[in-house]
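Quick look at what TrEMBL lists:
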type: TRANSMEM; residues: 12-31; note: transmembrane segment
type: BINDING; residues: 22, 23, 27, 251, 283, 402, 406; note: Na(+) binding site
type: TRANSMEM; residues: 43-61; note: transmembrane segment
type: TRANSMEM; residues: 82-102; note: transmembrane segment
type: TRANSMEM; residues: 165-185; note: transmembrane segment
type: TRANSMEM; residues: 197-220; note: transmembrane segment
type: TRANSMEM; residues: 240-265; note: transmembrane segment
type: TRANSMEM; residues: 277-298; note: transmembrane segment
type: TRANSMEM; residues: 393-415; note: transmembrane segment
type: TRANSMEM; residues: 436-457; note: transmembrane segment
type: TRANSMEM; residues: 463-486; note: transmembrane segment
type: TRANSMEM; residues: 507-526; note: transmembrane segment
type: TRANSMEM; residues: 554-580; note: transmembrane segment
């Protein structure tokens, strides 16, 4: 072990680093969506089971490997077996792809944060058209929040084939996001260790403030009732279980090498088992807590839209039939509609196409995840709150902290193997290596600030780190249990921590978790095959809505390259090691 290796100041600092990395945007914008899609409160059943049999064991495995080998992902897996160096390289490649597009979310958060200081909020009203005779047609067909996102923020092109130009304002936000990341990682654990207290704790403060505000909003109980009302029939839905497993897997950040990198800076005697359990439980509890906050806001938005719809119908009928103001109310609306339809059938038939079908249930059932939830649904709710600028600043500041915290882990997964390399570190100091990684990532990331950038963002988000990570973690579990040897690893852990490995961890590592990963792997492959041609959602400005289009051949080729570039590192690394060893053996034989 390298005794000169930097260490975390305290074990608590390490826990905060893991939490800051694991607790991210997925907790806020994907878990609530999954609850909404797969049975509300009943989704917690498969989620907790998957956390127990997959999330916690694999998290402990990675922390234990990093702490035992005291190296980044490449060096750690090479130490376990020389033929496994490709596993570490695959993790670095996956983390690099993740960093490229993940920091774009921070750029968007910066963009919205700056615009939150305006009064009124710029996404709360549609702009006037060129003649200043009415509102912009695209905005009227969509909504003010959608218009601000798709047109003002992304200035999105109609298809992925029309790349367009770089949006310089968004590009500046991306440069700012990378500069902030660089300042946080500049001096390794010394600077990162101080930042993680801030990035790990402050989002909880904002969430608590939002919870108090959310619960006091009109209609919040409608959202919470919708979330926690269990739909037990969803337990028989295989997709509910696979999505629960996937959420646990990616929420904890398994396979990227970040956890191995963080654990490599621990004291060898650190109780990584306890920390794995603590991080898993806090991360999952945060997802549930964030869902309560989200659904209280969601209930307010749905109720507001539902009541606005009813008021428009009331106004339409009052004006069309010259009813007395205040006569028509929400309580007697259906009764009066029936009377008008029977008493004035011809006139009612003329008005009927303009009468909207208002439904609170349909408003609550509108399932949105990812950027749609973060930058459209939330902004729509915020604009209708009192002191909307304050709530907007708080919300996007929280998103920024969550994103930066995850980026610290992503960059650690890339930098730790590089700084561990004696070849690289002998030529460049740590600060220069960090600067180069940030500079290259920022330069490539400018692709996502082009007019077609959001389409490429979706490709990276959907394919760059799904199948590759499943394969990486599967090989990790198999390597520890069957190549390095579970008994040997158990002995290493006991000598480090003084605690024997109980049957639960051995059963999960040796059988249950790998079988579960294989099942997920098969599910993803079969889903891709059944789906056929991959498609994406493109923004149609003429309709003011998203339309489905097929990816062009070159986009499919790049998608395949993204998946292959990390997964192929594993067999190519093993092949390279075999060739090098064979050549050395041949040289030794010729010398003899």
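Just so it is clear, glycine is given a Cβ too, placed from its N, Cα and C backbone atoms.
TrEMBL labels come from automatic prediction, so no person has curated them.
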Shell list (Na(+); ref centroid = CB of 22, 23, 27, 251, 283, 402, 406; cutoff 8 A): 19, 21, 24, 25, 26, 252, 253, 286, 287, 405
Recorded stretch that, among 43-61, 240-265, 393-415, has the most CB pairs under 8 Å to the transmembrane segment (507-526): 43-61
Long-range Cβ neighbours of the transmembrane segment (12-31) (under 8 Å; 6 or more residues past either end): 63, 105, 192-193, 196-197, 199-201, 203, 247, 250-253, 258-259, 262-263, 265-266, 270, 275, 278-279, 282-283, 286-288, 290-291, 294, 369-371, 373-374, 399, 402-403, 405-406, 408-410, 412
Cβ packing number for residue 27 (Na(+) binding site), 10 Å threshold: 25
The transmembrane segment (165-185) touching the transmembrane segment (393-415) per 3+ Cβ pairs under 8 Å rule: yes
Top Cβ-contact partner of the transmembrane segment (43-61) among 165-185, 197-220, 240-265, 436-457, 463-486 (pairs under 8 Å): 240-265
Local Cβ density at residue 251 (Na(+) binding site) - other Cβ atoms counted within 10 Å: 23
Chain residues in Cβ proximity to the transmembrane segment (554-580) (below 8 Å; excluding those fewer than six residues from its ends, i.e. six or more beyond): 82-87, 89-90, 93-94, 97, 160, 455, 459-460, 463-464, 467-468, 471-472, 475, 534
The transmembrane segment (165-185) and the transmembrane segment (240-265) contact flag, 3+ Cβ pairs under 8 angstroms: no
Contact between the transmembrane segment (82-102) and the transmembrane segment (463-486) (3 or more Cβ pairs under 8 Å, separation 6+): yes
Tertiary contacts of the transmembrane segment (240-265), as residues 6+ beyond its ends and Cβ separation under 8 Å: 5-8, 14, 17-18, 21-22, 24, 26-27, 30-31, 34, 37-39, 43, 46-47, 49-51, 54-55, 58-59, 62-67, 69-73, 76, 88, 91-92, 94-95, 98, 189, 234, 272, 279-280, 283-284, 287, 406, 409-410, 412-413, 415-417, 465, 468-470, 472-473, 476, 516, 519-520, 523
Residue 406 (Na(+) binding site): tally of other CB atoms within 10 A of its CB: 26
Dominant neighbour of the transmembrane segment (277-298) in 197-220, 436-457, 463-486, by Cβ pairs under 8 Å: 197-220
Cβ contacts of residue 23 (Na(+) binding site) (under 8 Å, same chain, 6 or more positions away): 200, 203, 282, 283, 286, 402, 405
Tertiary contacts of the transmembrane segment (463-486), as residues 6+ beyond its ends and Cβ separation under 8 Å: 58, 61-62, 65, 77, 80-81, 84, 87, 90-91, 93-94, 97-98, 101, 249-250, 254-256, 506, 509-510, 513-514, 517-518, 520-521, 524-525, 559, 562-563, 566-567, 570
Close approaches to the transmembrane segment (436-457) from elsewhere in its chain (Cβ under 8 angstroms; 6 or more beyond its ends): 96, 99-101, 103-104, 107, 154-157, 159-167, 170-171, 174-175, 178-179, 181-182, 185, 371, 411, 414-415, 418, 428, 536, 538, 555
